[in-house]
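Right, one structure below, let's go through it.
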Amino acid sequence: MEKLLLIVFAIINSVFISTSAAREFNFDGANLHRRSTDETLCNQLIKPAGYSCTEHTVQTKDGYLVALHRVSSRNKDQGGQRGPPVLLQHGLFMAGDAWFLGSPEQSLGFILADEGFDVWVGSVRGTYWSQGHISLSEKDKEFWDWSWEELALFDLAEMIHYVHSVTSSKVLIVGHSQGTIMSLAALIQPNVVEMVEAAALLCPISYLDHLTAPLVLRMVGLHLDQMVLAMGIHQLNFRSKILIDLLDSICDGHIECADLLTSITGKNCCFNSSIADLFFEFEPHPSSAKNLRHLFQMIRKGTFSRYDYGMLKNMELYGQLNPPAFDLSLIPKTLPLWMGYGGHDSLADVTDVERTLKGLQGKPELLYLENYGHLDFILSTQGKEDVYNNMIGFFRSLGKYSSS
């Protein structure tokens, strides 16, 4: 574990160097992996697999320009008819590419398209597909002044509105990990949930105080989130050249990298190791230090609440000493929900999932897989058989999809 702590400190140090001392080292960490205009998600992963894909840009109420990608089946027999719209929302340090890293028979984005769904894929602000803003540059610290709260109430809410507007249909939501935090927070909002037909949540999270991931707990205990912000780090960019070289050296016989992954996510029974190179070609994506701190606040306090700025600023912003909670009971009882979770997930712990279920008015359909870890739900070699067929059956059981 001490080796892992050294890794964490090296990561923080490398992020700090890459963002604040780039000129000294003659490279810009934020731009090191910037893709050209031709290197889009459609062109990189989706069109080469034989699927139709179009790019869309959505402007949030606070000025961010976030990417949506629309994917259609490679099956020409459907005659251009589009099925019900489904919006896929990724997790922390990932983006829309996470749904397409395996083969068409293994990746949820491809599977849903082949099943006739009108697939929309979101990528939140700060990821490589969504680094635009009407007035800010990603080099500005103000660009990174957000947490999952803004991702839920601005990014996801605007994506849902856009898909609903384009398709004239209520939207099916699929979220994984942080994407479920965002979904639950967004579904509490009456103006958002009225546009949603149903939601399927993979590794659902609203509480994190029973998280068991050893490395994450050590980072929380050391208050590394506060250290990062105190060092003036606002963007967490784990693809800087220094960090890539560091991780390469770590994985070159010094530490078993699978153990490092397990210490963060839990033991993954069915992770598709054949896509490891492709996985690290696209992941991880940047996020904000404020977002990490908000997640760590959830772990420490055992709450599902807005960002905690401290008592004085909380009083100024919220009119109370503690940040307001997101009340899960405000999600309508009539909204169909489906949840898939695993016994080996060290992030979405079963105890916390059960607490989430108690907070809801309705009773979601549940799929529990004892041997599944956090990444298995999106990157398993047998995800279609274990998870996705069940989810698709849930969607189809809703009958005629309403339009409005």
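Note that Cβ sites are derived from N, Cα and C of the backbone, with glycine treated the same way.
TrEMBL lists 1-21 with the feature signal peptide. Per TrEMBL, the feature domain 'Partial AB-hydrolase lipase' maps to 43-101. For SER177, the entry in TrEMBL reads active site, nucleophile. Sequence annotations record features per position, and here TrEMBL assigns active site, charge relay system to ASP345, HIS374.
Cβ neighbours within 10 Å of SER177 (active site, nucleophile), excluding its own Cβ and spanning all shown chains: 27. Listed in sequence order, the residues of the same chain lying 6 or more apart from ASP345 (active site, charge relay system) and placing their CB within less than 8 Å of its CB are CYS203, THR265, GLY266, TYR372, GLY373, HIS374.
Residue counts for the domain 'Partial AB-hydrolase lipase' (43-101) under DSSP (helix as H, G, I; strand as E, B; rest coil) come to 15 helix, 22 strand, 22 coil.
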